Structures are given as structure tokens and as C-alpha cells.
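Everything on this sheet refers to the single structure shown next.
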Amino acid sequence: MTTSLLLSLLFSFVILASAANFNQDIEVTWGDGRGKILENGNLLTLTLDKFSGSGFQSKNQYLFGKIDMNIKLVPGNSAGTVTTYYLRSEGSTWDEIDFEFLGNLSGDPYIVHTNVYTQGKGDKEQQFYLWFDPTKDFHTYSLLWNPQRIIFSVDGTPIREFKNLESMGVAFPKSQPMRVYSSLWNADDWATRGGLVKTDWSKAPFTAAYRNYKADACVWSSGKSSCSSTSPSQNSWLSQELDITSQQRLKWVQKNYMIYNYCTDTKRFPQGLPKECSVH
């Protein structure tokens, strides 16, 4: 084996390990042993039983980034359970970018719930069905957060874009560093059909599985960002936007799979829809 080939193999291994090693990047923060890092850091599982759920968070904080995670959701009768995957800052006026997966009865589709909070205020929910069964295999759920926009994607297909419309007086999260969080917990008071369908504890424990966590992101540490303003080309996601193809795919998802949009809920906003709804 040539030296260059050996170095190439070693380099690719290092890149792979850094992109997927939960021991290095993640800490399980609650659940009393119900969250487990397995397979030398390549697999993470969260479990929910009648006594407790579980959760983890990233060791690093980020101020902008593209976060990818492969997730296989709770199979079978998952009614009453919620699997979350989100970015959140600290404090009482927090920022947050939210994926939540609302479980359902066997055979009924999961609901993908999305939201954006700025300074502790959300109320920007959009919900979707998926075009596949998210319990059969791992799928990639991505959050792109840059100064111009937030894009939620599933297997590379955008399902939602929230643009920076500060020029219109719409708040946008851009100054508070956030960690990645995920949890599996019981929310049968609201999660499935408004709380009508309860968790069937005879099916417990419930388990969600995670692989290939990847954070192309600006690490925030000691009040400074790891991203250099002089080399933005190394972080193409910092200026990424939806190209024509991606815009078409976004429209396809929103036409065929969106089941709730706060921007069309006139009953909820009798004084008028939020400002951003005229653009989004």
C-alpha cells in the first residue's frame, strides 16, 4: 500500500469518526441509563418507559450551522410519545429551532411538528406528514441556520424555510448560541389527536435510534466563534439558499404533505396574520 493511499484512508476515517462519534460530540443528560451510546460511539438510543424518558445534548454550542442527524423513530403503536430534535439557547428569552415527531397508532402517520422561537416567543408552527415510514429505517433530518434563513430538510428535501425578515420587524434568532438537544418523552396529554389517544404502556419500552450526527457549524466558546470572517468559502452553508430545484421540492412538500400552517390559521389570529406570512 502506498503512503499516499494510506494517508488518504486514515484521513477519510478521521473525517467519518468526527462526523459520527457520539462519545466525542454528545452527552446523555437525563433518563437514568435510558439513553445509551453504543457501537463505539456510532449509535445512540433513547428509551421511554412508564417511569421516565431520556435525552441528550451536544457538548458544543453553535452560532449558526448545518446540523444533520439520522433518526429511526419509535415503531409500532407510538401514540402519546414525542421524539424531539432541536436547537435551543439558554435563559428565559431563549431562541429555538424545533423538529418534534408526534407518535401515532400503528398504521397512522407520524406528524412532523416544526416551530421557530425568538426571544422566548414561538407560535410559528407548521406540521407535516412524511412520504415514507420513518420507523422502518434511518432518515436524515437537517437544520440549516444561517444569518439569512432557517431551512428544515428531510433526506435533503426542504420542507420549510423561515427567512430573516427583520427588515419587516419580524424577530430572527441570530445572536444567542444554541446547543443541539434531543429527547423521547411521554406527552399523551396533547401529542396524539389532542390527547384523546393515550400511551399504551404494555408496548413499552419505546426506543428511538440515532446515527451520523454531523455539525458543520460555528462553535461558540468563551464569547467567540470558530468561524473566520476571512474564509467564508470553507462554510458554504453560511450563505446557502434554496436553488430553483429545492424551491420546487419545497412547494411539492407543502402542497402534498403540510397539514397545518399558522400562516393560514385566521381563527387563531383574528387581529391579522403575523407579518412574515405575507412572504413565507
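Even glycines carry a Cβ here, placed using N, Cα and C.
Annotations in TrEMBL come from automatic prediction, not curation.
As written in TrEMBL, here are the features:
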type	residues	note
SIGNAL	1-19	signal peptide
DOMAIN	1-210	domain 'GH16'
ACT_SITE	E96	active site, nucleophile
ACT_SITE	E100	active site, proton donor
CARBOHYD	N104	N-linked glycosylation site
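Everything TrEMBL records as a feature, shown here on the structure.
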{"residue": "E96", "record": "active site, nucleophile", "Cβ contacts under 8 Å, 6 or more apart": "Y86, L87, R88, S89, N115, V116, Y117, G122, P173, M178"}
{"residue": "E100", "record": "active site, proton donor", "Cβ contacts under 8 Å, 6 or more apart": "V82, T83, T84, Y85, Y86, V112, H113, T114, N115"}
{"residue": "N104", "record": "N-linked glycosylation site", "Cβ contacts under 8 Å, 6 or more apart": "S78, A79, Y110, I111, T192, V197"}
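Across the domain 'GH16' (1-210), mean pLDDT in this model comes to 91.
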